[in-house]
Amino acid sequence: MASRSNAVSVLAPAKVNLSLHVTGQRDDGYHLLDSLVAFAPVHDRLDISHGNTLSLTVEGPEGAGVPADMDNLVLKAAAMFADDRGAAITLTKNLPSASGIGGGSADAAAIVRGLMVFWGLAKDWDDPELADAVGQKLAALGADIPMCLLNRPARVSGIGDEIEYISPLGPIPAILINPRVEVSTPAVFRALKSKTNPPMPETLPAFKGVQDFVPWLTDQRNDLQEPALALAPEIGKVLNALEAEPDCMLARMSGSGATCFGIFPNKDSCYAATERLYTDHPDWWVAGGFLGDQFELSLPKVS
């Protein structure tokens, strides 16, 4: 058992669905998916310090309108493991809400990573069995949360609860763009015409680099992109802007939207396009970086 810490900070990297195939729907309404997931270096941050009860403060450039009560997954996830313990939590929001990059789910996973270290319940997170046990419990709050615990590239199937980690995948130079439009995930699924679509190939190839990964990824899909476009045409403007970049190899929506990603052949072309798009579209949220494994970035830091 680890000793209790004075303060802990932990980062919640953005989750990116590089592909998302909707393959069925269960009787209880949950959709069956087959998705390739990677993580971005852009992140929310959670700072944990001593408190007699659980409390949450929300700040940061994307914090407006984010609840600081039990409507927030951060407090719901914390309460699942708190027993009679308390903590003062500050959430700094850098990721837009309801944007298809798992902000709320990533925050919920991150606070549990941080609190288990803060409360002395876990020494570190380099333990797949620990992540599996915690993930099974957190799945009751949301199917996306377990895959955000380790922030490693994965093939995710079932309702999001079947996680097969993939190594290596990345680094993939990419730009994330959100047009500042919130998209309702339930509404997107309701608008999806077919819910029994083919999965990805049973066996994934070995990805040696962007040049051989992108042609394979181009043959995959995001089945939610078409219905999301119908609900939020602004997504189409983002995709068009990415596709207009001469070096963009693939542009696609992540998750249920509205965030989209564009993949580039190298760091220089990616960063140059990021700067152009940020300048040309000041009303959009734009972030460039390398998609892949963010496990080390997401480990709790003790002070």
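Glycine residues also receive a Cβ, built from the backbone N, Cα and C atoms like all the rest.
Here is what TrEMBL records for this protein:
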- K15: active site (ACT_SITE)
- D144: active site (ACT_SITE)
- P96, S97, A98, S99, G100, I101, G102, G103, G104, S105, A106: ATP binding site (BINDING)
- 72-150: domain 'GHMP kinase N-terminal' (DOMAIN)
- 220-275: domain 'GHMP kinase C-terminal' (DOMAIN)
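The structure, with features from TrEMBL marked on it.
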| residue | record | Cβ neighbours (10 Å) |
| --- | --- | --- |
| K15 | active site | 27 |
| P96 | ATP binding site | 23 |
| A98 | ATP binding site | 18 |
| G100 | ATP binding site | 30 |
| G102 | ATP binding site | 27 |
| G104 | ATP binding site | 24 |
| A106 | ATP binding site | 28 |
| D144 | active site | 26 |
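Within the model, the domain 'GHMP kinase C-terminal' (220-275) carries an average pLDDT of 98. Counting only the Cα atoms, the space from K15 (active site) to G102 (ATP binding site) is about 5 angstrom. The residues of the domain 'GHMP kinase C-terminal' (220-275), classed with DSSP into helix (H, G, I), strand (E, B) and coil, number 27 helix, 9 strand, 20 coil. DSSP assigns K15 (active site) to a strand in the three-state reduction. Excluding P96, S97, A98, S99, G100, I101, G102, G103, G104, S105, A106 themselves, the residues of that chain whose CB lies within 8 A of the CB mean position for the ATP site are, in sequence, A14, K15, L95, G255, T259. Helix, strand and coil counts under DSSP for the domain 'GHMP kinase N-terminal' (72-150) come to 40 helix, 6 strand, 33 coil. Among the binding-site residues P96, A98, A106, the ones whose Cα is located within 10 Å of the Cα of D144 (active site) are A106.
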